[in-house]
Structures are given as C-alpha cells and as structure tokens.
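What follows is a single structure, and I will ask about it in a moment.
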Amino acid sequence: MNSRVFNFGAGPAMLPEEILKEAQEEFLNWRNTGMSILEIGHRTPEIINLLSTAEQSLRELLNIPKNYHVLFLGGAARAQFAMIPMNLLQPGDEAAYFITGIWSKMAYHEANLLKQAYYLSNEEKEGFVSIPDYQKWELKSNTPYVYYTPNETINGVRFPYVPKTGGVPLVADMTSCLLSEPININQYGLIFAGAQKNIANAGLTIVIIHEDLLKNQPEPAIPTMLNYKNHAEHRSLYATPPVFNCYLASKMFEWIKTQGGIEGVFQRNCLKAAKLYQYLDSTDFYLTPVSKEARSIMNICFSLCYPDLEQKFLDMANKRGLKALKGHRFTGGLRASLYNAMPMAGVDALIEFMSEFAKENG
C-alpha cells in the first residue's frame, strides 16, 4: 500500500501530513545550515532559538503564565511517575492519588515505593469504567500534591471535571490529552505529557511546573538528572535534549494555531468522538464499557459482541487502511484513538467499515 492510511494507534500516533512533508523537505539541509536537524549541536544558536521558539509557541497556545517553567525533557513520560514524588515529597509528606485507570495505577505504585502515597479513590474493582464523584474524598493534612490522569489512554476514561484540592497543588498526567482541549494552567501545579499522542514523535516529555514547586530542594537528595530545578535553571539544556522531537513539536504548535488554536481542535475532536459514539450506541453488535459521563474523546474503547470475531475484524480493517485498532494488552478489545491529526474522514471510514462488518457477521 503506497497511500497514507488512518492510524488509530494510541501512540505513536498520526501526525499531520503537511508537517511530515515539511520535515522531509528540510531533512538534509535545515534552514540553509548545510546540515540535517539531526546533526546540529544542541548548544548552537540555531537550536537554542528553536527551543525558545517552541516554548513561546506553547506558552501562547496554553496561555502559560510567566511563573511556570516549560521543560523539554528526553525520555518516556513514565519517568515522571518517579520524578514527581522524588522532587515534590518532603519527609513526612503523603501524596494523594486518584486511581482511575492503568496509568494512574502505575503512577501510584511508583510513588508508593517511597511509602509516602495514598489514594483518594480506586476505581479498579469497578473495572476502570467511571470517574468518582468529587464529594467522596478527603485530603490528609500532610498532602503536598494531588495526582490524577485526566484522560486514561488505555481504559478510555476521561475526567469530566478538574478535581478541587483546596489549594493543594494539582499534578496531571496529560500525555494523551494535552493540546486537545482548553485548560486553565493556573489550576495546576505541574502538568506533564509524552509527545507521541498530540505533539510529536516518541522520546520527548513536556513538563509545565509552577515556580513555587522548585523552591524546596528534594530530601533526601536525588540524582541531578532527575531534579526539575536543574532542568529549569538550564532552560532544558542541562543535558542534550531530544532536538528532533522539539523540532516536530514546534511545527505541531504552529499547525494547531492554523486549526483555530486549542478551541478549534477541541471542537473538531468533540465532533469526531460524538460521531463514533453515536454509531456505537446505535448497534448491539459493538459494546462500549465506559459510562457515558466518563467517556474519553481521545481514546474510544469498544469490543465485539462476538469476541471470537475480533481478529477477523482487525485483519479486514488493516486491509481497508484502518490501522492499530487493537486494544491495549492489559484490557483487550478494540480501541480507536482520535488525536488532533485524525481527520473526520478517518472516523467516517471507520464507521463505514464497522457497519459493513456488523451486517456481514451479525
């Protein structure tokens, strides 16, 4: 198959074709340097300017105040599960966690290795299909931060509200939703996101952190590469940053502006998700496990009423150019991820195929 397909994978995910073409055109000779972006030193004026421009674009998109630092860090977002408690916990502290899916469960277990974490709500017994009522929890007096995952990529669960913490810093794993919907940065102490969903290719993690959270040095001392303060003081150049990822992210930030900004892509994301959910709700052939009030608009999980047909479904979808619809290995089933770069045409093609498959196999 020579033409582009629709990639419904949870990440790495689709990128806009125009961005890929731009990167292709610039690959051998970036900005008339005679070098590829992959070859240029990270402390050169060109790359320092690239990082500065990327940061400014992100600040404009999200209206990030000056009292927040923006960090471009190398590596997986999962590393933040350890970095957050290591940086933000002091002796005697206990961090509070909402466990609403696989990723927040992993984050809690990582923090609990320090024996300084407790959970406000654990939805695992119910199958991670809903979000807790926010009247049910009570924070301990020694809580330095509250952690939650607004959108659970694996389980397809989304918080319909921002938890109220009474002034305690709120930490959010926005790996699968940052830049997909409007947010008020001032409601958060720290936000982080892996880039491979809505931002760039895998290997970059963006951290947005309030300056107040950098005032206290971690106790006991932690490795310098894991210290947010070091990265903030060096403007993401404490070590070699993932330059190519930042380059693609910078292009993505500008692309989002051409799409009407965050509000524009959010409106389209809502329409895409609503269209697919409407079809799923109209048929008994497909099952949707997540309660309606907690449904993700990024990661739509579903299954077949006849599970033994799942592989046939995937094989036929692949032949139609509908890729990566298999659910996560922890949950099984099927999943369609509708990130910013997924066009409505992809959703239409998926629904057309699903309808045909249901008629032929129902």
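Note that Cβ sites are derived from N, Cα and C of the backbone, with glycine treated the same way.
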Please pick, from Thr53, Thr153, the residue that Swiss-Prot records in the pyridoxal 5'-phosphate site together with Ala77, Arg78, Trp103, Asp173, Gln196.
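Within the candidate list, Swiss-Prot flags Thr153.
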Using the structure shown, find which entry in Arg43, Arg78 (the binding-site residues) has the sparsest Cβ neighbourhood within 10 Å.
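Selected from the binding-site residues Arg43, Arg78 on minimum Cβ neighbours within 10 Å: Arg43.
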